[in-house]
Amino acid sequence: MPSDTQLNAIRTKVENGQRLSFEDGFYLDQHADLFTLGELANIVRERKNGQVTYYNVNEHLNPTNVCVYRCTFCAFRADLKSEKGFVMSDEQILHRAEECHSRGATELHIVGGLHHKLPYEWYLNIVKMIHEAYPEIHIKAWTAVEWDWFSRMTGRPTKELLAEMKDAGLGSLPGGGAEIFHPDIRTQICDYKADGEQWIRVHREAHELGLRSNATMLYGHIEKIEHRLDHLIRLRNLQDETGGFQTFIPLAFHPDNTRLSHIPKPSGLMDLRTMALSRLMLDNFPHIKAYWVMLGIKIAQTALSYGADDLDGTVVHETIYHAAGSDSPQELGVDEIKRLIKEAGRVPVERDTLYHEVIRENGTSWKQGRKLQLV
Ligand code: V47
Ligand code: SF4
């Protein structure tokens, strides 16, 4: 093999725990083969999380799909008057929370459309109602795009709304709505909604209020490597400032039923390379998630050797990806998740949203264990 001085210098940086620059990331993308990327990412993965792979038992709730925005990559949204549009009633929402509770889920992940007519109080009430009925369920709700919309609707600052919702039972923020921050791409795929700076600001404010959050990146559409690196570095900068991010989730674009349906979906190779590069660039993020719903089970399992240390959860009632053509099953049982993790040579550990160990007394009742060590 020819010697590659630049690649060797990057390898030394990774081995010594030093930060990679934009140029390093670009070089890796252009010159490193899949195995090298995976090997380097695995060094960071095992340094931070050893052999452990986390999973959680959660459910998704999308209370409405009606949305004022028209992101070109979205197959989930519906117009106000469309037959496809739905708004769940309070009874339906509580019924779903009851189902989540009786299955022993520790988390409810709630996101939806930005409805033209529903007031902010409708969104607030969802959190209030579920928290009052099932206080032990962690509510991870509303993306930064939704928080920005609540602020536009009410004229109140996002930080005030975050604080109000935290008092009502909000536990943390999911990582959605990030897409690609770079304006050259963002204006083409999701113009008008919260921009990159606003997304970052909402997460900064959440962290300042003591709320943890996740971050995502939607890849494999019209963006290029420089936009992905720019996105990762913006996230890394905020994490340096606040330390409030828990997990990064790279989201592979699913083209079916979207206005970008002419673009082929990212290959398994791109999925693994993006996973590995994310792990390498985000040196201050404790966790990288392989979201099996979008990657498919086989790539998600393989990703556990390419930087990922979290498989997300049992995920019941996911609709955003299934609308866009994901052929993953609607649910993975806990035994199957554990089997996939062990087969990949890792140790499965059930976590709650804030990365405490979950101790199960039987299938459905559980208690919180120790806080898992984050490096
Ligand atoms: O913001 C929408 C993406 C996101 C498509 O925080 C699409 O733990 C691909 O953020 N193809 C919502 N992606 C999902 C999300 C998420 C998922 C799992 C875990 C967490 C977490 C967050 O889904 C949207 C958008 O970026 N999305 N349509 C599509 N056709
Ligand atoms: Fe609306 Fe979210 Fe879909 Fe964009 S991605 S159209 S904001 S539901």
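Cβ from N, Cα, C; glycine included.
Now, the feature entries from TrEMBL:
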- 53-286: domain 'Radical SAM core' (DOMAIN)
- Cys67, Cys71, Cys74: [4Fe-4S] cluster binding site (BINDING)
- Phe73, Glu179: S-adenosyl-L-methionine binding site (BINDING)
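Recorded features from TrEMBL, shown on the structure.
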residue	record	Cβ within 10 Å
Cys67	[4Fe-4S] cluster binding site	22
Cys71	[4Fe-4S] cluster binding site	22
Phe73	S-adenosyl-L-methionine binding site	22
Cys74	[4Fe-4S] cluster binding site	21
Glu179	S-adenosyl-L-methionine binding site	27
Mapped DSSP class for Glu179 (S-adenosyl-L-methionine binding site), helix or strand or coil: coil
Between Phe73 (S-adenosyl-L-methionine binding site) and Cys67 ([4Fe-4S] cluster binding site), the C-alpha gap once rounded to whole angstrom: 13
Non-site residues, in chain order, whose CB comes within 8 A of the mean position of the CB atoms of Cys67, Cys71, Cys74 at [4Fe-4S] cluster: Tyr69, Arg70, Phe73, Phe76, Arg77, Gly113, Cys190
Cα-Cα distance linking Cys67 ([4Fe-4S] cluster binding site) and Glu179 (S-adenosyl-L-methionine binding site), given in Å to the nearest integer: 17
In sequence order, those binding-site residues of Cys67, Cys71, Phe73, Cys74, Glu179 whose CB lies under 6 Å from ligand 2: Cys67, Cys71, Cys74
